[in-house]
Amino acid sequence: MENELSERSVSIDILINFDEKKKLDYSLADELETRERAQVREYVQNILRKRSYLDFLIGEFSSVAVEEMKPGLKNILRLAVYDLLFMDSTPDYAAINEAVEVAKRKLGSKTGDLVNAIMRNLQRDRDNLPKPAFKDRNKLVATTFSHPEWMVARWRKRFGEREAFKLMQANNSRPHYYVRVNTLRTKPKNFELRMEKMDIPFQPSDWLPYYYKIDSVQPFISKGLLEKGICLVQDIAAGFAPTILDPQPGEKVFDLCAAPGTKSIMMADLMQAEGEITSVDISPERLQKLAESALNYQAENIKIRGGDVREVSIGLADAVLLDAPCTGTGVLSKRADLRWQRDEEGLQNAVELQEELLEEAANMVKRGGRLVYSTCSLEPEENMEQITKFLDKYDNFELEILEDYLPEEVLAEDKLSYQTYPHTHGCDGHFGVLLKRVK
Ligand SMILES: C[S@@+](CC[C@H](N)C(=O)[O-])C[C@H]1O[C@@H](n2cnc3c(N)ncnc32)[C@H](O)[C@@H]1O
């Protein structure tokens, strides 16, 4: 019999908690070993990536409608169906028996019997599974690709169906990972030698210096490379915003909405820790992570400031980065949970907050100074439309051309913004512009 704290049962607890509280809390896995914790993350993210499709299958084989199931039963079944159909390493009997045991233990023997019946039915038909066949096209696509219907409707309209499919497929695939070497701690050549010695596969990027595409983050954790501050896990597109801000040693820089701090750390490195970065964020927990990273990465020029960007009074800077809170629709392969947490109202709220934050950020830029606005969203309202609105209102800022900083393939035709897409660029979806204060 399975131990109380198995990867499966902890994954189920995290998924139940997510359904009930709309928050993904991995701390429930804290008592597991590193490898098991990684497995829990895999389970949770993979199940969230396939959630609508798994629910469709459960509905087809159950006498109880999925909408009527409590989160406990629903998530035991989601994990069991995922195990049965998508985990080659799990034998059928183990997938079914373990689900039945967890159901009995958590919800009683009757529920265990129900799980057994549903799973046996599904196993019997596994070579001839039903396919979603809804008349409503958005519902059909949303179920097939496990994205919310509002997102599907938007993306089908904007990109056309073929491209929207490719984007959703990319969101449902294993994400790409990059690390950036921290030159405050080591030289890139030494870092490469170290990776070779440790047999860690890596591929230097030709987009930005010091970035390497990697297969998995796991060896970097287990060999202590992150802990020692040697390198940082950061998507290459997340490095574009600091790159175009181009902070120089000795400058005064503000990083607004800075936590957990990967961009502050990168900017400290670009500045060789000379000058001053004030990193502002509203979240004390996330700022705690930034404080730990600053120590770890020897980013000694970072000063942390807790508070709302709209309320802090920190004067003027040569260069300001506003990495605005957003819907995160560009990072859905790494954060599959976000697709289930966002809705159209949330998008509208994000747009309003970004507008206020952008105005505040602009007021903190010295005359002649630079302002970068960035998001990890694919939605025009959060990106270029936000900037157009801002420029219509303020005539003391101008957009700068980005071709000296970034590869052409990530730039808009006019070279005044960058936007990456997971399905075309093989990295997260990020947007950014560089504004100069001209008067
Ligand atoms: C996209 S994340 C920032 C990621 C960060 N720049 C990095 O690279 O690690 C957005 C951040 O905005 C913060 N935030 C949201 N509203 C804020 C506000 N009104 N004032 C300050 N920070 C805010 C959130 O706490 C969150 O940490």
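Quick reminder: no glycine exception, Cβ is built from N, Cα and C everywhere.
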Per TrEMBL, what member of ASP246, ASP269, ASP281 joins ASP308, ASP323 in binding S-adenosyl-L-methionine at one site? ASP281
Sorted by sequence, non-ASP281, ASP308, ASP323 residues with Cβ within 8 Å of centre, S-adenosyl-L-methionine: LEU256, CYS257, ALA258, ALA259, VAL280, ILE282, SER283, VAL309, PRO325, LEU357
Inter-residue C-alpha distance, ASP323 (S-adenosyl-L-methionine binding site) and CYS376 (active site, nucleophile) (nearest angstrom): 9
Please give the maximum pairwise Cα distance, in Å and rounded to a whole number, for the S-adenosyl-L-methionine-binding set ASP281, ASP308, ASP323. 14
Could you measure between ASP308 (S-adenosyl-L-methionine binding site) and CYS376 (active site, nucleophile) for me? Cα positions, answer in whole angstrom. 20
Under a three-state DSSP reduction, the secondary structure at ASP323 (S-adenosyl-L-methionine binding site) is strand
